[in-house]
Amino acid sequence: MQGVYPAIVTPFKDGKVDYDGLRTNIDFLIENGISGVIPVGTTGESPTLTPLEHEKVIENVVEFVDGRVEVIAGTGSNSTSEALEFSQYAEDIGVDGVLLITPYYNKPTQEGLKRHFGEIANSINVPIALYNVPSRTALNIEPETIKYLFEEYSNITAIKEANPNLSQVSEVLDSCNIDVLSGNDELTLPIISLGGKGVVSVIANIAPKEFVQMVDFANAGKFDKAKEIHYKLFPIMKLMFVETNPIPIKTAMNMLGMPSGELRLPLCEMAEGNKLKLQNALNTVGLLK
């Protein structure tokens, strides 16, 4: 995996998934040069999708993309059997890979993580990207575990690293050749400078062209040009997590007239003060005109 992979929102309309809006968003992203899309992840509100909706969203994304870019579907769960079922379904309908979040809440040991990811890797053939996000799962995939999984299973090829500790990123990249993608927009350039390959991005939902340019510059070693784009977009990056993701990005998309719609409870609309800050930031960077 290399480049920009937007973690796409799941647009809703009147309480149901807005598939027409989903197609519109995907076309916009592809037209602006992204490497692939990641449906039904954190940004896609996967915890509030029913299992049937989860599968149908993946199916529709594969259909809409139609081979133009990669589709890496979020199929993780804190139940190994459920993650396996989602992953096998995604493989059967033609995804290019799956993204597996660390099991959350039940907090397995590192040995449990090895067995969890290993069982899924042994049961599917498509590439697997691990997803490490300790702030949400209360559990870190340790560098030694990442190295073990990469070396033991040929289809574990990448990791979305949302642990902001760059020492961890350094340890991982120093120990094995797994593709590391930043899971935080604001850490994209530091991670690429250490040997990472790109980003699973939230902000790319609204600024794909700029983010693709930034990552392309960075991967080409042109960090001065990459930094210009980073600092231009930084006011928005900061606000993407002022409230729980995907509240800010869906709010921004609604402001920009993009298909996004409402949030599903327990997520709710953005506080008015934060909404005003977001509107001002979108104006400042020239996205809202």
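The backbone N, Cα and C atoms fix where each Cβ goes, and this holds for glycine too.
DSSP assigns TYR131 (active site, proton donor/acceptor) to a strand segment in the three-state reduction. In sequence order, GLY41, GLY74, GLY76, LEU99, LEU100, ILE101, THR102, ILE159, LYS160, ALA162, GLY183 are the residues of the chain that are 6 or more apart from TYR131 (active site, proton donor/acceptor) and have a CB within less than 8 Å of its CB. For TYR131, the entry in Swiss-Prot reads active site, proton donor/acceptor.
Residues annotated as active site, schiff-base intermediate with substrate in Swiss-Prot: LYS160.
The Cβ of VAL200 (pyruvate binding site) lies under 8 Å from the Cβ of TYR5, PRO6, ALA7, ILE38, GLY41, LEU99, LYS160, LEU181, SER182, GLY183, each of which sits 6+ residues away along the same chain. Swiss-Prot lists THR43, VAL200 with the feature pyruvate binding site, giving sequence analysis as the kind of evidence.
DSSP assigns THR42 (site 'Part of a proton relay during catalysis') to coil in the three-state reduction, placing it in neither a helix nor a strand. Per Swiss-Prot, the feature site 'Part of a proton relay during catalysis' maps to THR42 (among others).
There are 9 other Cβ atoms within 10 Å of the Cβ belonging to TYR105 (site 'Part of a proton relay during catalysis'). Per Swiss-Prot, site 'Part of a proton relay during catalysis' is recorded for TYR105 (among others), and the stated evidence type is sequence analysis.
The Cβ of THR42 (site 'Part of a proton relay during catalysis') has 23 neighbouring Cβ atoms from other residues within 10 Å, across all protein chains displayed. A simple way to gauge crowding: the CB of THR43 (pyruvate binding site) has 23 other CB atoms within 10 angstroms, across all the protein chains here.
Between the CA atoms of TYR105 (site 'Part of a proton relay during catalysis') and THR42 (site 'Part of a proton relay during catalysis') there is a gap of 15 Å, rounded to the nearest whole number.
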